[in-house]
Amino acid sequence: MQPLPGWGPPPCSPTPAADVLRLALSLLLLTAPPCALGMPSCKEEEFPTGAMCCPKCRPGYRVKEACGEFAGTMCEPCTPGTYTAHLNGLPECLPCRVCDPGLGQVTRRNCTTRTNTVCGCGHGHFCERQDGDACVQCRPHSVCRPGQRVRETGTEWEDTLCEDCQPGTFSAGGTQAACTAWTK
């Protein structure tokens, strides 16, 4: 018994080339630039929404409602604890960074609706990884080993530098700036 037309498995392609052509066409459509698929090409101060380009909101604001045929973009100020630093088409403001004292961080500049929090490193720590002017990872200063002294005290941006004591001197280690001469 034969299945009704359209109800059975699809017939195999007469040639593998037809399958390859179909696959290539599908990949071309998936990787085509947005303008080729009907998305608008917007200016830098605009963001795409549907088939239109809407004006972006200024720093400190987010998009409350995208523009329409007869109205511009409606922007709303960021709420405390959030910010946007650039022209944007964001539906929500970004959350402010939180400096973690448990990781040695201190707040150098509080968040505003236009700028993110700037974290630095507290006493006894130095910045191991930066993001712009903010430190995102602090680490405790190194402690010198026994037989070493502090050559350079650590700062917020540099670790402590240690050096070996000269022959005939010693140090218990830690944060001593000078080695002590042996007594006889």
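Cβ atoms here come from the backbone N, Cα and C positions, even for glycine.
Please treat TrEMBL annotations as automatic predictions, because they have not gone through curation.
For Cys144, the disulfide partner recorded in TrEMBL among Cys119, Cys121, Cys162, Cys165 is Cys162. As annotated in TrEMBL, Cys93 shares a disulfide bond with Cys78, one of the listed residues Cys78, Cys96, Cys99. Cys78 (disulfide bond) has a Cβ environment of 23 other Cβ atoms inside 10 Å. Taking every protein chain shown into account, Cys93, Cys144, Cys162 are the disulfide-bonded residues, and of these the Cβ with the most other Cβ atoms within 10 Å belongs to Cys144. Taken as a whole, the domain 'TNFR-Cys' (120-162) shows an average pLDDT of 94 in this prediction. In the three-state DSSP scheme, Cys93 (disulfide bond) is classed as coil.
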